[in-house]
Every structure is written in structure tokens, then in C-alpha cells.
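Swiss-Prot has this to say about the protein:
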ACT_SITE  His450  active site, phosphohistidine intermediate
BINDING   Asn63, Tyr483, Arg579, His607  ATP binding site
BINDING   Arg390, Arg420  Mg(2+) binding site
Amino acid sequence: MSKSSPIEPVSASDVSQQFRDPGLYLNRELSQLDFNFRVLAQALDEQVPLLERLRFLCISCTNLDEFFEIRVATVRHAQEFGLPPAPDGMRPTVILNAVHDLTTKLVHDQYNCWNQVLCPALAALGVGVLSHNSWNARQKRWLRGYFRNEIMPVLSPLGLDPAHPFPKIFNKTLNIVVVLNGIDAFGRAGHLAIVRAPRSLPRIIELPQHLSRDGSQNFVFLSSVLSAFVGELFPGMVVRGAYQFRVTRNSELVVDEDEVENLALALRNELVTRGYRLAVRLEIAEDCPTPIVRTLLQNFGLQENAVYRINGPVNLSRVSQVYDMVLRPELKYPPFNPRTLRNSDHIFEIIAKGDVLLYHPYDAFTAVLDLLRQAAADPDVLAIKQTLYRTGKDSTIVDALIQAARSGKDVTVVVELRARFDEEANLGLADKLQEAGVQVVYGVVGYKTHAKMLLIVRREGRKLRRYVHLGTGNYHSGTARIYTDLSLMTANAAIGKDVHQLFLQLSGLAPKMKLECLLQSPFTLHAGVLFRIERETKFARKGRPARIVAKMNALNEPQVVRALYVASQAGVQIDLIVRGACTLRPGVQDISENIRVRSIVGRFLEHSRVYWFANNGTPELFCASADWLERNLLRRVEICFPILNPDLAKRIYSDVLQSYLDDNLNAWELGSDGVYRKLLPETDHAPYSAQVALLESL
């Protein structure tokens, strides 16, 4: 980054007055749902290996669960408190109705994909997921025994009457509502009962091989077994119907950090009640009678637009277990060996000679692990400071930090306790680190620490030298194999000083400090992005070539969107690679006709964030932990770091930006009508996938 380029906030008053038309903005929730359709399209793509298609189906289902737990819950909160609409102008009630309509189609497509496409295709290749009506006599006999021996002893059916009110139903659990006729042992007339399936029960049951006539590997859903034999829980009663259902609840933890003295304790208390918070969705078997559905809605406090009738198991994502249980390499993506860093046994010497760039998963994450392991064992290393947002359960990183602390090094770890759905794991991680003598801090009140930073202080001769790792993704060996992310390892003194100052802010009470190289949320990153967009705008107005290329997971920050519109009007050519939700509407005449938006959905989850600005012939390229979202730019601790080595910057531009702009196999283009369309190779262009090309380069 040029030191002569001051980072000053750009006045947005004129821009804010312009572009007030809600039609210029897409709705975030609907755009996020659109992404799930793109994921589901991978499950329908016959060029994708069959078990991988199954995984894509399950990912679309898991994404939808989280969408309701967080996004729909947020919209319902806005509806309850009368909050103002976003720039798209849609009121919460309108959003919820639109979400219901689009989700109904998505759910229909998901179950059609399973019932009509994937399940038959798997069966044809010897992998059967059997429904109740397809069991033969031997299979049914075995499953009845399994039910009596393994399932029935842990079930506690609850008949509904004045003494047995409707039970509390935990978030996203499998349940059966049973319609009964008859008189029980106490003379009570039965009508309805609820059977809850404990989480200890396997959701997918593999049948013994000897029960298969043709050598197939067969599985059965727990929900099918429960529905088939639930009558055995009610002897003497007649089962008129058994219908599976699942309720989804608001899972956003609410902790008033200004009012609590101990954040960890407050989060532990919140986690206890998270599974029983307000309901936001009811999934129910499609043949369930309407009166029963209304009873469930009443008990969960839901309206009709929260109901989704399904034709299959209520938690379709559970079928992902089949992927791991079926050992058929020919039905999965071929394995690959990522590049490894040469001479990584002497990693400090390598970094001291020059910056090291890694592009995961094509470059092995082991280099990052080697850096930390060698730092822990090196007697010349005096201190290690690191942020942890998400990490693996059996984390080599955590083990290295503990080893370093036990060997007498000063180790400080910023653990983000509020990492969504990893809160409990991170609480346990913090305890484990503290017990080993690591100084653990929880970041800054009111701001999630999402930055990915590692700082190592090493004595070399009479001086101390800082070694730094900065990344766009988490310190997580598992996701590093399936997410695309960038890592920079550097001994650059200015970057090291900036990172040191950031850790002072996070662990102490240091004032806001001016950084030489890095941009930081919530202080300078937002203004820095706006400054660079406006700089390209000024170049374009002077008739100079001006261009912006940016890659991220999502885009919705209003000031950034408006600044991009202004830049487009001035003639700046803008290419945005946005994997998920995007509220910017491209291709609008006289507004955004110079903006192109595409989304890449392929084998690996696109997770890297890269911003490139032409800068009048002296390009600037940044990598970041932040998307161009309001929360990332204004309400989180994030970092954005420049790639100062020209060769590394060119490599990123080629492999991470241009390659994805050339993709015509996994790319979806967003039109001015708000619709994503899958790109197809033109007749004079060869098919090209950026991810495949990068794999073939290994």
C-alpha cells in the first residue's frame, strides 16, 4: 500500500441522497435463498460424482436450517419491534411471505432431487436408502427387533391430556405426533401423543449385509423405523396416523455484554436455553391432517407461513452420513495431493528470505501448522499471539499453543466465544488453554473478533523479529481442505508492527492507533474501501482506465453499494465475484451497467476475500477476513492486508481473480432482473473451471 495515499473517510451525504429507489437493491434474505438453489443445482449436475451430489443436497438443507435459525429469526425480530426496512424497501411481513414462497419451492426441489433423482441413482449402483414400503419380510423382522432392543428402551412417549401438556420440543429434533384411538390402562381416552427421538439415536441405520439379496449396501432412516413401529409404544390403542415433524428455533444468542461481568458465564447460561427459544419454522409430513398441523402451530406460536410440508425425512441433511459410510471412491471426487512448502523444517529461514503465499486447499495447510509447531519448540521464540474463531476438535494448533506455554513462552490467544454455533466448543477451548497457562482473552465487548492473525516474536542475535501469519480463513485443518482461502506468512517489519498493535488493542485497553499497512474494522477498513472506490471513480472521470475486481462471500453494505454505483456511472469497470448473498443489482442502465456480478459454486467452498484496484497503473491488491457486509465492516474486528510482493500479487490476480472471471462451468451470472443464470461455454470457448484448472496445476 502506498504511504502517500491517506485513508480518510469519504463523505457519503451526496451518495446517500442519490440511489434511494428500492428497486436498485436486492433483498438480502431472498438473495441468500438464491444461493441455496445454486448449491442444489450441483446435486442435479450429472457431471458431479454421485455421492458428492448427495453432499451438495445435504449442504443445501443445512444452509436452509441456519438461514431460518438466524436470518428468518432476525426478520421476525424486526417485525415484532417495527424496525425500518433495508434499502430494498421490503417490510418484514413482505419478506417473510416472500421467504415462504421461495422456500416452499426450494424444499419441493430438494425432496424431488432426493426422491426422484439421487435415491434411485444410488439404488442402481448398489446403495439403497429404503423407505418403509420397500422393506422385505426379513428386513422388516430385523428392524422390528432393532426397534425393540435399541430404540424403544430410550423412548418416552407423552400422551396429551390436562395432566400432560404439550412438551417442550428441542430445536431441530425428530419428533412423531401420533393419532390414537382407544382406552389406556387408566381408562383414559387417547387422542394425541408425542414421541421425541433422543439425539443419542442414530438417524441413519445400516442394515446387515445378509439381509440384501443382491449385495447392496442398505440404509434406513430412523424416522421410517419410528413411524413403522410406534404402535408398540401404545399397547391396546389403535394408531390412526403417525407423522414426523421438526421445529426450528431462533438460535442467535443474546447477551448484553455491557451488563454482564463474566461473558463466558453469561454465554454458558444462554447455551442452556438456546434450544427452546422462539420457533421460526415447522416441518411436517405432507400427509399430516390439517387439524393436527394447526394444533402444532398453536403450541409453537407460529403462523401458516411458517409451515413446510415435506415428502420424506424431516432432516434430509442426515443422509450425509451415507457419504461417510459408503466406501466407494469411484462415487466421490478423486483425491488430490496439495503442494507442500519446500524445506518447511526451517520455516523461519524461508519466511525471513521473503513473503510466502499459500492458496488453500491447493497449497497444504501443513505449512501453517509447521510454523506454529516450530515456534512452540524453538528456544529463540519468546512470545506467540493468535486469534481463534473456529478450529478443529483435535486441533494441532491448540496442542502447539499449549506446548509453547508449558515451555515457558508468553502465549496469548484471543478466543472468540461468540463464533456462531461454535460457542460451546470455544468455551471448552478457552478452558483448556487457560489450564495450560495460556493467557486467554475474549476480544472486545460488542465486537466479534473475526480477524485471522498469528504473531511470533523471535530473538535473532541482539534483535527481536516478528513473524506473522495472516489469513482469509480460520485456523482449522478440516475446512482448509474444502474451503478456498489465502494465507500470507511474512517477516515484514511494518506489517509485524501493525499486527502487534492490533493484539495490544484486543488484549489490553490500548487507544486507537494508526496502522501503516493494514486496514482494520471497525476503524479504517470501511473508509479505506470507500476511499479506493472513489479513487477509481476520479480516475475514470479524468478519462483514465479504472477498474475494480473484488471477491468475497457476500455484499450488502449500503454505502459500499452506492459507491460502486457512482463508480459505474463514471465508467469504472467493476467485476464482483460474490459467492452468496448480494444486494447490489448489476446491469441497470445509467446506474450499474459497468458492474458484473458472478457466483462460483464448485467442489470447494469459495471463502477467500480479495480486493483489487487498478490505481492508475499501480495496482493495489488486498486480502481480508472481511466481506463487504455491514457487520464485517462496522461491527467486527477484521483485518485487510496488502500483498506487497508484486509477484505474489500477480499470482493472486491470476489464480484467484482472473481465473474465476474466465470460469464458464461453475459460474452463475446475476442479471439486472435479480436472477442468477448458469453460464455455459460459448461455441468458440473451451469449457473451463477455475477450481479444476488449479487442481490440474498441482
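Placed from the backbone N, Cα and C atoms, the Cβ positions cover glycine too.
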Among Asn63, His450, Tyr483, Arg579, His607, these being the recorded positions, pick the one whose CA is nearest to that of Arg390 (Mg(2+) binding site). His450
Consider each pair of residues in Asn63, Tyr483, Arg579, His607, all listed by the record as binding ATP, and report the largest Cα separation in Å as a whole number. 16
With H, G and I counted as helix, E and B as strand and the rest as coil, say where DSSP puts Asn63 (ATP binding site). helix
For His450 (active site, phosphohistidine intermediate), the nonlocal same-chain Cβ neighbours (under 8 Å, six or more residues apart) come out as Tyr389, Glu416, Ser625, Ala626, Asn632, Arg636, Val637, Glu638
Taking DSSP three-state, what's His450 (active site, phosphohistidine intermediate) in: helix, strand or coil? coil
With an 8 Å cut-off on Cβ-Cβ distance and a minimum sequence separation of at least 6, pull the same-chain contacts of His607 (ATP binding site), or say none. Thr472, Gly473, Thr479, Tyr483, Thr484, Asp485, Asn553, Arg579
For Arg390 (Mg(2+) binding site), which of the three DSSP-derived states applies: helix, strand, or coil? coil
Asn63, Tyr483, Arg579, His607 excluded, remaining Cβ within 8 Å of their centroid (ATP): Asn553, Gly580, Leu605, Glu606
I want to verify one value. Collapsing DSSP to three states, which class is Tyr483 (ATP binding site)? strand
